[in-house]
């Protein structure tokens with residue numbers, strides 16, 4: 001497994017688990033959970049988190065240092081392309097020209113489902129403006145391909161809705177997205193427990209991003225450790241090539257899509 | 001997690017993954033896969049594997065040393081109580097009085113489903129004969145409880161059929177078995193991929209035993225490593241306490257068993 | 001479909017839906033729901049329902065007439081073979097020598113899971129005593145086959161626990177039971193909604209028995225009608241032979257048990 | 001159930017099953033299957049089926065008469081808004097000003113997944129041009145709402161991909177779509193077998209549209225009958241209000257989203 005590195009924006013990572021920073025009890029818990037997760041890429045909601053906008057207040061970057069982590073500013077809380085573009089530009093300023101961003105444009109504040117039309121618009125503007133865009137989207141394979149064709153450097157379909165913990169609801173769409181992709185596909189949102197993260201990786205995705213599943217576990221730091229191992233387990237399992245499923249062990253019992 | 005040890009027959013283990021020794025290409029691969037799995041308890045089919053019965057032939061125990069591993073002789077290939085009891089007694093002789101055994105009595109050689117009636121009979125004889133019986137069984141909660149009441153030291157229900165790779169088909173029965181058990185419940189059979197092992201552990205079982213999922217992966221040694229991590233991930237996830245599932249993130253959307 | 005009759009104990013039936021009589025608001029609702037279900041075989045818990053034991057009290061058979069319905073006395077509430085055998089003999093007396101019974105022996109009153117060992121014992125006694133035994137059991141294929149071999153005229157595995165409404169949790173076991181059976185296999189228990197009944201029939205079973213799903217719906221009579229149609233739909237769908245599942249419509253996308 | 005009519009474009013229907021006309025062996029089989037399905041609304045691919053464009057060739061409308069059925073011209077085979085709009089206008093001419101259409105704009109000919117961006121564009125043009133637009137789309141709740149807000153008279157999300165037979169893969173998205181809709185939601189595509197149709201209706205949708213599941217069954221006419229009953233069963237089950245799911249029958253065992 002030494003050579004199974006994850007390359008993003010020209011940089012190599014050992015970890016395929018990306019984590020958020022929201023919903024923790026305090027900055028101390030945030031820091032410990034992120035350390036336990038082994039994540040090297042940490043996403044930050046620019047509109048909700050102080051990364052320098054508010055001088056004199058606690059700054060997340062004091063705890064999650066850009067020297068140690070790749071900081072991935074995201075546009076959580078944006079409901080149209082314009083807000084999202086503006087937020088990315090603010091992040092670039094605050095982070096001294098750092099061009100890597102995670103774009104998310106949501107459809108409403110009840111379901112938090114992505115607005116794919118506004119996402120396409122924002123992605124187009126941002127790519128042309130020189131951003132390296134990782135883009136959160138639905139599991140729509142046509143939209144995923146358009147976002148890739150537009151120049152996004154990673155496409156991040158949901159497993160299920162943000163904060164739902166329902167896991168990978170539609171593995172079929174994710175497989176189709178992966179089959180046709182040439183950029184990394186990172187499952188973002190929906191993971192509720194460790195096995196969900198393993199399932200995502202076993203489908204062949206390049207990584208998993210999560211926040212609530214860790215922050216809202218009863219013991220976030222232990223769950224962060226679980227997720228680290230689950231992502232590694234799923235990745236190794238994918239590379240190892242699982243045994244085929246059968247109705248029973250005898251050679252003559254394939255599952256042929258007629259009953260199950 | 002330092003203190004989360006798994007105690008079986010008075011001995012403490014770090015690993016909750018138990019592995020078999022069948023179906024590998026050769027003894028070398030067996031050894032490397034078992035090492036990669038981190039397993040400390042290794043089960044051996046006495047009727048199929050030379051552990052001393054056949055002097056002058058390759059002996060598995062030269063590779064999987066009883067000094068390093070807890071050897072768990074099993075009765076694979078037995079289809080009635082009498083054969084199973086006889087096999088356990090042979091194992092005890094070969095292993096110098098070692099009384100820990102894994103009892104399995106199967107119903108037929110096509111499905112490899114357990115014969116629970118013969119299993120109950122054999123367990124009764126073996127417990128009275130001083131064996132420490134770990135017992136493979138179906139996911140029938142009534143039988144599982146009877147086996148425990150009879151004095152078995154661990155009950156090992158299937159996730160799905162031996163060699164099927166279908167994973168944990170009936171998590172409800174497994175939960176019921178766990179809720180009422182006071183001995184370790186170890187899911188034995190059915191795991192096909194790493195996420196299956198994590199799911200078993202997240203249900204709260206004490207450990208997972210597998211063989212085909214590792215031996216019949218395209219790359220067994222890498223899959224053994226995946227399984228090690230998956231079992232640890234699932235265990236930590238169980239202990240960490242997952243977030244609840246919701247239809248969407250808003251507080252007012254529980255899943256209430258009416259639609260899903 | 002005219003010729004797709006269901007034959008049981010030498011008698012032909014148009015309906016493959018068997019229903020219970022418990023848990024209704026009153027006898028009037030019981031009667032209307034059973035009529036709406038189209039059921040021709042109605043099972044009655046002898047230990048809970050007056051079918052003549054208590055002279056002067058309302059008698060179910062006044063409402064559900066043996067002239068119109070095949071009355072199937074059952075042993076609900078029995079937790080060992082002896083009680084079950086005694087209950088069947090009482091039923092035979094009350095019903096003038098009627099020898100058709102539904103045997104059920106449960107493991108405990110919390111889960112209502114069958115006790116298969118006591119079930120085997122009771123079935124053996126009853127068959128030898130001249131009863132025509134339809135037998136409720138778990139989804140254990142070995143036990144199912146033993147019950148058939150013993151002379152039971154129909155084997156009735158659970159879809160999931162009595163009163164759980166969880167549907168067909170383990171379709172694999174049910175398929176194995178059906179593949180090896182020569183007597184009718186009737187799914188008994190677990191159905192919660194109409195699609196569950198259709199799924200049972202699509203697996204190839206001969207019929208479905210239910211009670212709670214109808215009696216505890218918000219509108220039992222309408223649900224009875226739904227179940228009638230669902231059982232017919234599932235049966236016709238099974239006979240019609242469904243299209244195969246594919247990842248997508250293109251011919252080259254079978255589902256091959258590696259990812260899903 | 002007498003009063004449970006389905007109203008679409010001001011007209012009332014008894015049947016909630018809508019069917020296509022493609023993939024049958026010949027027109028005779030098409031006719032018999034549609035009759036057996038009880039469908040009152042029949043969709044026709046204008047670009048693939050002769051409904052008058054080709055004088056002197058067999059005309060589907062001779063078999064599926066507009067006097068008896070509501071003919072629903074669809075834009076199958078269109079991959080952008082312009083083609084779809086042109087096809088709808090051709091259909092309106094051929095059908096003497098008939099303004100009811102089913103819009104579908106697909107993303108590619110491999111997956112047949114909808115192109116939601118082009119679908120939005122086409123819907124906008126068609127609604128403004130006076131069409132009564134029923135619109136095929138993905139299960140994206142944001143897009144579904146936009147299509148409704150735009151003036152489409154029915155929104156038709158997929159259960160799974162056209163021709164896949166995978167059933168209702170993401171019931172959660174469908175529930176969200178239904179919760180927020182004021183126009184009929186009709187599940188279109190993905191149904192493979194009768195229980196899939198029942199599941200769709202149990203989720204609360206107003207109807208189901210299918211083609212391959214009937215036409216590509218081994219016995220299409222029998223499957224059409226199965227689907228008729230399944231849709232009715234699912235509808236009645238939804239209206240009847242199913243019993244809640246429990247781990248087991250005892251009152252104290254809700255399923256609370258922590259394990260399952």
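Including glycine, each Cβ sits where the backbone N, Cα and C put it.
Note: TrEMBL annotation is automatic and uncurated.
The record from TrEMBL ties D:189, D:190, D:211, D:212 to 1-deoxy-D-xylulose 5-phosphate, and of the options D:163, D:204, D:234 it ties D:163 to that site too. With an 8 Å limit on C-beta distances, the recorded positions from D:102, D:163, D:189, D:211 that reach chain C are D:163. Each of the binding-site residues D:163, D:190 was assessed for Cβ neighbours inside 10 Å, and the highest tally belongs to D:190. Cβ neighbour count for residue D:102 (active site, schiff-base intermediate with DXP): 27 (other Cβ atoms within 10 Å of its Cβ, all protein chains included). Within the model, the domain 'Thiazole synthase ThiG' (D:8-254) carries an average pLDDT of 95. Within its own chain, residue D:211 (1-deoxy-D-xylulose 5-phosphate binding site) has D:19, D:20, D:21, D:22, D:23, D:43 as residues 6 or more apart in sequence whose C-beta sits under 8 angstroms from its own.
The two recorded residues residue D:189 (1-deoxy-D-xylulose 5-phosphate binding site) and residue D:102 (active site, schiff-base intermediate with DXP) have their Cα atoms spaced 13 Å from each other. In the three-state DSSP assignment, the secondary structure recorded for residue D:212 (1-deoxy-D-xylulose 5-phosphate binding site) is helix. Whole-number maximum of the Cα to Cα distances across the 1-deoxy-D-xylulose 5-phosphate-binding residues D:163, D:189, D:190, D:211, D:212: 9 angstrom. If you measure from the Cα atom of residue D:190 (1-deoxy-D-xylulose 5-phosphate binding site) to that of residue D:102 (active site, schiff-base intermediate with DXP), you get 17 Å.
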